[in-house]
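Going by TrEMBL, these are the annotated features:
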- A:28-47: transmembrane segment (TRANSMEM)
- A:67-98: transmembrane segment (TRANSMEM)
- A:110-133: transmembrane segment (TRANSMEM)
- A:139-156: transmembrane segment (TRANSMEM)
- A:188-207: transmembrane segment (TRANSMEM)
- A:233-252: transmembrane segment (TRANSMEM)
- A:313-333: transmembrane segment (TRANSMEM)
Amino acid sequence: MTTASMTPVTKGPELNKRRRVYKPNAKYIPILATLGLLAIMYITGIANYDNFGDPSVFVNLFRDNAVLLVVAVGMTFVIITGGIDLSVGAVISLTTVLTATLLKGDWPPLVVLPAVLILGALIGAGQGAVIHFFKVEPFIATLAGLFLARGLALFINQQSIPIRNETWSAISDYRIELADGVVTKPNAIIAVLVVIIAAAVLAWTRFGRNVYAIGGSSDSALLMGLPVGRTRIVVYTISGFCAALGGVLYSINSTSGHALQGNGYELDAIAACVIGGVLLTGGAGYVWGTLLGVMVAGLITTIINFQGDLNAAWTRIVVGVLLFVFIVMQRLVTRKAK
Amino acid sequence: MGEQSPVLEMAGIRKVFPGVVALDGVDFRLFPGEVHALMGENGAGKSTLIKVLTGVYEIDGGEIKLGGAPVRISGPLQAQQAGVSTVYQEVNLCTNLSVAENIFIGREPRKFGRIQWGKMRRRAAELLTRLDLDLDVSAPLSSYSLAIQQMVAIARAIDIEARVLILDEPTSSLDTSEVEQLFRIMRRLKESGVAILFVSHFLDQIYEISDRLTVLRNGQLIGEYKTAEMPQVQLVEKMIGKELAALEDLEDKAQRNRERAAEAKPVLEAKGLGRTGAIAPYDLTIHAGEVVGLAGLLGSGRTELARLLFGADKADQGEIHLDGKPATLRDPQAAMKRGIAFSSENRRTEGIIGDLSVRENIILALQASRGWTRPIPRKKQDEIVDKYIKALQIRPADPERPVRNLSGGNQQKVLLARWLITEPKLLIIDEPTRGIDVGAKAEIQKLVAELSDGGMAVLFVSAELEEVLRLSHKIEVLRDRRLVEELENTAGVDADRIMQTIASGATS
């Protein structure tokens, strides 16, 4: 030990190389599995049903699942930090009810829209603040948010409120022709934009990387000098905003508002994230995975519709089975990584 | 060096926790280009002082000056901005992120708000090359060993252009060559004028690397000394505050018991036991009242060997005989039933449950072996726990205190107590003295010796050769996941002899 000299070492010690365990893209395994599953389902559909291969079938997946997609993207942020947001379904209902009520009261759409989006974001921020400042479990804090938002929605109106506003109807009826014979609705476009923006934020901004760091270890993130509290609050704010946006899309879709709309969406969103490879313990996952997760759920419904004689409950059954499979797979992948 | 002005000055630092004065009027100074060791037993206030410096705690009194100007450090981010970076004992990085991200997160190079991944990876690679590390910077940190992770933490710290670098027990999970590598990096940083605060429980390391040292005891400053002018024994005395007879006492004990141990019945015999990829097949016999030491470098298979004997991993070849009869140990529970106890090296993650009280932690294994349907009466619990708190001198002697609040050495004692009350025939202890102070170390070593005197067989795993030599009747030397030699711990066997065996890899 006494001979340790100051001479610069030209070559790194071999122990670095020896210890290196090379895992080719282990983090992509879940997402690739989902992609494979989606491909198999799609091919099976084409093989068994006429017209399944029609591009509009695929494009309609985005239209039909726009609300879930937007909500699930918000949920993805939360889950990557290792949290959970149970309030999103209730925020959807509150948003639809409030939107319908305000529009019925002849508020201008350009006021209603930002108002409900801001309200959703504020609910999220409030939950985030409670979670951060009072160290409340996200499960509990957002469960309270669920009751609060759903209760408010029911308090405003227990009946279904039709939306007769021209702007809303116009958006609802608007068609966008993507290609010859392939049309979609604004909802789908908005949902896709949300996915793209979210993916960019997570991959290319400091905020996005902080989200992953907190999910990996929030104690470490704190000691590395990262703004853990702020990031966490913003994450729940995003989730609340996405839920409100989902509610707006819902109200456009159904041209009505009802306190039971969006019921159970929080669970669908969580399921989509998990099937898409977002780790429930936090720290890993991609918005693209969530997109695939939503597509899987949507494709199951589509197949059931094509089959015609199947009970709609099969969607839930299949999603349930997939959840089991994917959670076990996550377990195995993370264990291997350890 | 003395003529220079200090980069960091702390004067009269006071920090009070409910019921405890953690720091009481402590002065500390740090000069540019020096390695300054902060010494003291666990609970002396080292960690508190570091946390004050890094802004995790706010001080209740005193003054901190950086570069001559008074500062108030209110958080880790602020500390970093002020040029104080820290590398903690437990690697505080995010293992789910890539190596490059771990170095740069929070300070990623950006263009129009967008992270420049290419630039970040290049800069990370450059930085690591300067530290003689050749890593794949886009691989997740989790794919590297703890030692490498520690180096990455240092890379992160020095990229912050630190004036003050705090290394809080960075070596506790490193093996000898890795420590050498770390010291090379430290010397290089020192030359470039960085002031390094170094905490380590290894006295050898302190003497090798540090220029100056400050000793704390019970939250109070004992003094600041030049390392070269401070004999080891005196340093230990200053840290503990009493003369250390316990250690010398042990030396001959192992010798004395050798004959007896050899005649005793074998408690456990492993024949050709092995597990592919973890440890090559080995033969091992442990007698009652015998301490068998496992020596070898980090990653040489010490823990893996021990885990097979406890059924924590399943052997895929060979057999185990317990008390002369063949036995299969399917899982730890089976091993516990047969009187084998295993105290894990990762006391934080695999052993101690921080939120449970001392009592609950101690009672855990005994309760588990009885099954949850037969709870141990509270009165009985208190009796047992009191007995062991006294016997092992667990401090503070409060059975209801959450274990989280105990120092590392005392946590280790709680863990030992947990296994001792199950009255095992064979006790496997993996790294019981890692990261704990000299005093507690001696107590634990003494305890091991006493247990073996009482007829218990002990398998003692430690990275510290001195310790293995002091306690063991025989020493199993491992290298590259293979048991290469069994040495009777006779007078001729010393650390050099073991090092030789490890280095040559075979019987010399």
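In case you wondered, yes, glycine gets a Cβ from its N, Cα and C as well.
Bear in mind that TrEMBL entries carry predicted annotations, made automatically and left uncurated.
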Chain residues in Cβ proximity to the transmembrane segment (A:110-133) (below 8 Å; excluding those fewer than six residues from its ends, i.e. six or more beyond): 74, 83, 85, 87, 91, 94-95, 98-99, 102-103, 141-142, 144-145, 148-149, 228-229, 232-245, 247-248
Interface-richest range of A:28-47, A:67-98, A:139-156, A:233-252, A:313-333 toward the transmembrane segment (A:188-207), CB pairs under 8 Å: A:67-98
Of A:28-47, A:67-98, A:233-252, A:313-333, whichever stretch has the most CB pairs under 8 A to the transmembrane segment (A:139-156): A:67-98
Stretch in A:28-47, A:67-98, A:233-252 most in contact with the transmembrane segment (A:313-333), if contact is a CB pair under 8 A: A:28-47
Residues of the parent chain within Cβ reach of the transmembrane segment (A:233-252), under 8 Å, 6 or more residues beyond its termini: 66-68, 70-71, 73-75, 77-78, 81, 83, 85, 87-89, 91-96, 99-100, 113, 116-117, 119-125, 127-129, 131-132, 138, 142, 163, 168, 171-172, 186-187, 190-191, 194, 207, 211, 261-262, 265
